[in-house]
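Participant: Annotation source TrEMBL lists domain 'Major facilitator superfamily (MFS) profile' at 43-474. Among the features that TrEMBL reports, transmembrane segment is placed at 44-71, 83-104, 111-131, 137-159, 171-189, 201-220, 271-292, 312-337, 357-376, 382-403, 415-436, 448-471.
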Amino acid sequence: MVPPNQPLAAIQPATSSDAAYIVIDWEIDDPENPHNWSFAKKTYIFTLTCLLVTNSTMGSAIPCMAIPQMIDEFGYKSPEQRVLPISIFLLGYVFGPVIWAPLSEQYGRKILTTATFAVFALFTMACALSPTWSWLLGFRVCCGVFASAPIAMSAGLLADIYGDAHTRGKAYSAYLVTTVFGPILGPIVSGFSSPTIGWRWAFWIALIYAGLTFLMLLFLPETYHPVLLSKRARSLRQKGHPPNAVAAHDLGAVDIYQLVSKVLARPLRMLFFEPIVAATCAYLAFVYAIFYMSFQAFPIIFLRQYDLSPGVTGLCYLPIGAGACLSMACVWCWDSYVAREAARNASWTRSDEYRRVPLATIGGPLFVVSLFWLGYTSRPSISFMAPMLAGLPFGMGFQLIFMTLLNYLTDAYEIYAASANAAASASRSILAVVLTLATKPMFDRLGISGACAVLGGLSAAMSIIPFVFLWKGQAMRDRSQFCVALRQRKDELRQKAEREPFCKEREARFERSCLK
């Protein structure tokens with residue numbers, strides 16, 4: 001008998017051999033399964049996911065070029081204070097993902113996404129109305145906490161609707177490009193609005209964008225499979241056939257202790273006890289922190305050294321976006337090649353490591369080159385276009401690392417992808433908070449070339465991680481309790497498909513027999 005108090009977080013899959021319950025699951029080609037939804041419906045959800053994350057990431061960088069005007073109004077002159085509007089937002093990114101992602105795996109994506117985004121929009125408005133510096137910082141950290149929800153849940157959302165790894169990989173790579181354009185848009189918006197119509201208008205513009213996105217969010221359907229199956233089981237029980245129909249999601253009533261110790265703790269357990277998650281988080285945290293360091297470094301390079309205007313300095317981020325777009329083209333070409341090889345039944349295409357990780361071995365060196373390029377060319381005797389164009393390999397390398405490793409996490413952990421990505425999001429935000437605080441002292445002490453050389457050398461050391469995954473990734477997954485449980489779940493579903501499934505046809509036959 002399946003224990004009725006078995007928690008959702010238990011990684012051992014529930015079985016349907018229990019005489020007390022009839023555990024329902026998706027049929028083959030079930031139209032209510034999000035994997036089988038129409039192309040238009042999936043495209044709507046994908047587009048909305050991109051818009052939500054663009055709102056979030058743009059919000060993180062929106063004060064970048066407005067900080068001088070904020071400082072003038074509120075009277076805080078210390079270098080440490082100037083960094084806080086961005087770094088304290090990232091502090092919210094630390095705590096948000098470990099809450100929102102596992103909660104979405106308990107209560108579904110729709111309610112969490114809608115509620116958190118509404119609160120994020122309210123705190124964005126509060127930032128625009130802030131009466132003091134302290135209130136502004138308080139509102140910014142609250143913005144970060146709730147803005148982290150779309151980032152934490154996006155991998156899970158895409159895994160919900162795209163069952164095929166090839167399609168999911170292409171969608172995820174396109175989605176990740178939008179995560180770069182959000183922070184790029186932030187300095188552009190604040191760079192042109194703050195010196196002309198005031199720094200508060202940077203937040204009002206962000207709020208207008210959030211309001212338009214929220215209108216689309218109202219039509220987001222629930223996508224999380226366990227919650228959808230739970231609703232189906234509830235409907236069957238209400239009809240009385242069968243009265244003991246349940247979904248696996250229903251078998252465990254999660255109390256507060258289980259919610260904290262199992263559900264909310266899952267990202268932390270994965271971070272500390274899953275080597276793949278730990279290594280991926282370390283690499284992603286480092287490159288992500290360097291990306292956010294650029295919001296302190298670019299004003300030093302382009303405002304101070306080249307004496308560019310805030311608006312033009314904001315435009316210097318555009319090559320990073322162009323590099324990100326090039327990386328998406330690379331990922332799509334690679335995925336097409338993998339699909340062709342899979343059609344030829346090439347054995348290597350069945351390996352998550354060889355299907356996902358190789359492009360990260362290219363992205364790492366590109367990222368290293370970009371940092372040395374930026375450091376070497378940032379001098380008054382060389383045109384500002386030279387360091388600006390270092391953004392091309394920077395954006396390309398950054399996105400290749402992110403796309404491939406986050407896709408790898410999603411493929412490896414599937415229904416636990418949201419928790420794995422939450423661990424990655426929280427860890428990289430922690431390092432981003434720390435390094436953004438250290439950026440100005442580091443560049444002042446070492447100079448632009450010295451600081452970039454240090455970061456480039458550390459990046460070169462971290463770039464070995466994808467090669468380790470190619471070498472030992474399969475062995476690490478074989479020892480992972482989460483991956484083993486998922487493999488058992490797939491085997492169970494495969495065996496179930498070979499038997500007569502509990503499906504809608506049987507429901508209809510049962511209903512007809514009851515009416516006779």
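Just so you know, glycine gets a Cβ as well, placed from its N, Cα and C.
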Participant: Top stretch among 137-159, 271-292, 357-376, 415-436 for CB pairs under 8 A with the transmembrane segment (83-104)?
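Facilitator: The listed stretch sharing the most Cβ pairs with the transmembrane segment (83-104) is 137-159.
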Participant: Same-chain Cβ contacts of the transmembrane segment (171-189) under 8 Å, 6 or more residues past its ends?
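Facilitator: Residues 46, 49-51, 53-65, 151, 154-155, 158, 162, 202, 205-206, 291-292, 295, 298, 311, 313-315, 317-318, 320-321, 324-325, 327-328, 331-332, 335, 395, 398-399, 402-403, 406-407, 410 contact the transmembrane segment (171-189) from elsewhere in the chain.
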Participant: Please work out the mean pLDDT for the residues of the domain 'Major facilitator superfamily (MFS) profile' (43-474).
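Facilitator: When the pLDDT values over the domain 'Major facilitator superfamily (MFS) profile' (43-474) are averaged, the result is 87.
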Participant: Would the transmembrane segment (201-220) count as touching the transmembrane segment (111-131), if touching means at least three Cβ pairs under 8 Å and pairs must be 6 or more apart in sequence?
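Facilitator: Per Cβ check, the transmembrane segment (201-220) touches the transmembrane segment (111-131).
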Participant: Ranking 111-131, 271-292, 448-471 by Cβ pairs under 8 Å to the transmembrane segment (382-403), which is first?
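Facilitator: The listed stretch sharing the most Cβ pairs with the transmembrane segment (382-403) is 271-292.
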Participant: Is it true that the transmembrane segment (448-471) and the transmembrane segment (312-337) have 3 or more Cβ pairs under 8 Å, skipping pairs fewer than 6 apart in sequence?
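Facilitator: Contact criterion not met.
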Participant: With a Cβ cut-off under 8 Å, give me the same-chain residues at least six positions beyond the ends of the transmembrane segment (357-376) that come close to it.
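Facilitator: Same-chain contacts beyond the flanks: 287, 290, 301, 327, 330-331, 334, 387, 390-394, 396-401, 403-405, 408, 448-453, 455-456, 459-460, 462-463, 465-467, 469-470, 473.
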